[in-house]
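Asks: Below is one structure. I have some questions about it.
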Amino acid sequence: MKKYITIIGLGLIGGSLGLALKREDQDIHITGFDRSYATADKAYRRGIIDTVAASAKSACEGADFIIFATPVNTTVSLLEEASDWDLKKDVIISDTGSTKSPIMEAAKCLIEKGFTFIGGHPMAGSHKSGVTAAKGHLFENAYYILTPIGDESEERIRTLSNLLVPTKGKIVVLDALEHDRMTAIVSHFPHLVASSLVGRLADQESSQPFVKKLAAGGFRDLTRIASADPTMWRDITIQNRLELLEQLDGWLQEMNHVREMIINNDPEQIFDFFNDAKKFRDELPSTYEGAIQGALYMTFDLHIDIPDHPGVISEITKILAEEEISLTNIRIVETRTDVYGILVISFQTAEDRKAARFALSKATDYSMHIL
Ligand SMILES: NC(=O)C1=CN([C@@H]2O[C@H](COP(=O)(O)OP(=O)(O)OC[C@H]3O[C@@H](n4cnc5c(N)ncnc54)[C@H](O)[C@@H]3O)[C@@H](O)[C@H]2O)C=CC1
Ligand SMILES: O=C(O)C(=O)Cc1ccc(O)cc1
């Protein structure tokens, strides 16, 4: 039976979701609404949506699934408005917001009316925003967190999870508060730090005009996310402020320890500081090695920084062919840094990836990473 899906907000995440859902030959019809008509029109022209709606309300009435992919404060307002709309009785409503507790709170007005709301957060994205940056493979291998309200039936969670299968994300069910605590640690607070580091550079630029030109490599890696959309991050910061304050207190303490360490000037202590961080960082599970049981789909990607000249891709594929290593996908992305192009090659097994890395490291001097 044809499924009618509505996506509200057709930017990076809404657009990528539309593309992902359409990748498999599902019998679906996607209606989209964006407050920017130009965005909705672009989404239609790219084949992300089948129909452009005139309003959020008209887009939602008649849908089997509704996904809000708007900035989180907007999602809260829209959920409150939606409780007065004439929605289908068995519709499943979800969102893609980076915060979950305030959204679950706002969804209560829908739940009280008997509708199903299951919070959602695909943990993949980019510092780029807007429909032009949307990609069908954006959520592949990334965790896709669902936060049901608690007494949601397993069957409804399964129905939403099944819809999301073409995203090739790894669906995990979490409590909303737990979600907000963890994302504060790994995403929201690091974002504040990245923007603050850029702010420190900007403040000191007038006395050190050349410093901006020196800001390469590490500084750029560390602060890439500061180029993300300020509206989205304003909303996230407002919604997750208590967790952020907690992280900030811990960070201030940590910075005081760093300060003491520098005052002490003890080489052993300084070595240990960097060494402990290196050990922990090196042992972080890669997106794939950390895959949970029941992951829907798994590939093993190798990211290669490639210089921008013709012939590099054929050089790399030739080396792999000579070693008889098969690859399942190859693509160029530019999301991690704007200095190099990044070639991402996917393999079916960790062994293939390891063999490929070994072969390429013998034959070339390209930097390779497993994220
Ligand atoms: N950017 C990222 O890396 C990730 C973002 N998210 C979350 O997904 C949501 C969307 O983020 P992005 O797609 O990156 O933002 P985006 O800025 O690319 O897209 C948001 C879209 O919502 C539209 N919009 C704003 N207010 C609206 C309204 N009242 N009605 C209809 N459309 C409206 C905007 O015109 C825009 O096209 C946010 O809640 C964000 O927290 C989740 C995972 C990753
Ligand atoms: O650009 C990056 O590396 C990100 O971390 C993107 C991102 C931003 C917000 C989210 O809620 C999830 C992922």
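Placed from the backbone N, Cα and C atoms, the Cβ positions cover glycine too.
TrEMBL lists these features:
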DOMAIN    3-292  domain 'Prephenate/arogenate dehydrogenase'
DOMAIN    301-371  domain 'ACT'
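For the listed features, I'd like the structural context: burial, neighbours, distances.
Replies: Model confidence over the domain 'Prephenate/arogenate dehydrogenase' (3-292) stands at 94, taken as the mean pLDDT rounded to a whole number.
Look at the domain 'ACT' (301-371): DSSP puts its residues at 25 helix, 20 strand, 26 coil.
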